[in-house]
Amino acid sequence: MLRDSKQPLLLPTAGQLCTKHKSVVSGVRAYVVLPPTNDEEEKAMLHRMMRVDHAGEYGANRIYAGQMAVLGRTQIRPLIQEMWDQEKQHLSKFNEILAENRVRPTLLLPLWNIAGFALGAGSALLGKEGAMACTVAVEESISEHYNSQIRTLMEKDPEKYTELLQLIKEFRDDEMEHHDTGLEHDAETVPGYQLMKAIIQAGCKAAIYVSERL
């Protein structure tokens, strides 16, 4: 499990990062989240981060849409809907950040549209357990990616990137909650769980790599 093999919970909490601020998702405008800079290298780094984060949340939305298309009439519907609603909030915030900071989204959004839905629907065809296994694999990958960004920003200038760190931390915690929810709802009982998880996470890593660059 992620809690045993990784160390995400050792990273700064939202309160440690910024105790005086309310939720970034609801209360902070995009131009505050991304600090202004005239440094082209720093600007490129921030744009890459936002581009890939937007792509990841877009893909997650399509995965949950696919799961809902298959399992929308079953007892698991409210749980999937709850997680999907959080992903919609994440995507909405990144849409705002990209628009206000003139960050180009990845050119691969049409591909992630199709691939995400197909992954969600395909995993859901294995039943609730398959959908939850997909959720665990994807959310673990996204959490690890957010943790990597947190470490990068903390090393560079934690005070300058306070708002961005808080945003990423909040979203990382949501993804961790989804990950744990999947485990609690029998993700590991689906046949071929470890192989399925490895394949999905390999795809996630490839998607992250190309989305940063295209």
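Positions of Cβ are set from backbone N, Cα and C atoms, glycine also.
Feature annotations, courtesy of TrEMBL:
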BINDING   E57, E87, H90, E175  Fe cation 1 binding site
BINDING   E87, E139, E175, H178  Fe cation 2 binding site
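Recorded residues E57 (Fe cation 1 binding site) and E139 (Fe cation 2 binding site) have their alpha carbons 10 Å apart, per Cα-Cα distance. Under 8 Å, Cβ to Cβ, and six or more positions away along its own chain, E175 (Fe cation 1 binding site) finds E139, I142, S143, Y146. The Cβ centroid of E57, E87, H90, E175 marks the Fe cation 1 site; residues of that chain outside this set whose Cβ lies within 8 Å of it are G56, A60, N61, Q86, Q89, L91, I142, F171, D174, given in sequence order. One way to see the shell of the Fe cation 2 site is to take the Cβ centroid of E87, E139, E175, H178; the remaining same-chain residues with a Cβ within 8 Å of it are A60, M83, Q86, T135, V138, I142, S143, D174, M176, E177, H179. You'll find the Cα of E87 (Fe cation 1 binding site) roughly 10 Å from the Cα of H178 (Fe cation 2 binding site). Counting every protein chain shown, the number of other Cβ atoms lying within 10 Å of the Cβ of E139 (Fe cation 2 binding site) is 26. H90 (Fe cation 1 binding site) sits 13 Å from H178 (Fe cation 2 binding site), taking the C-alpha atoms as the reference points.
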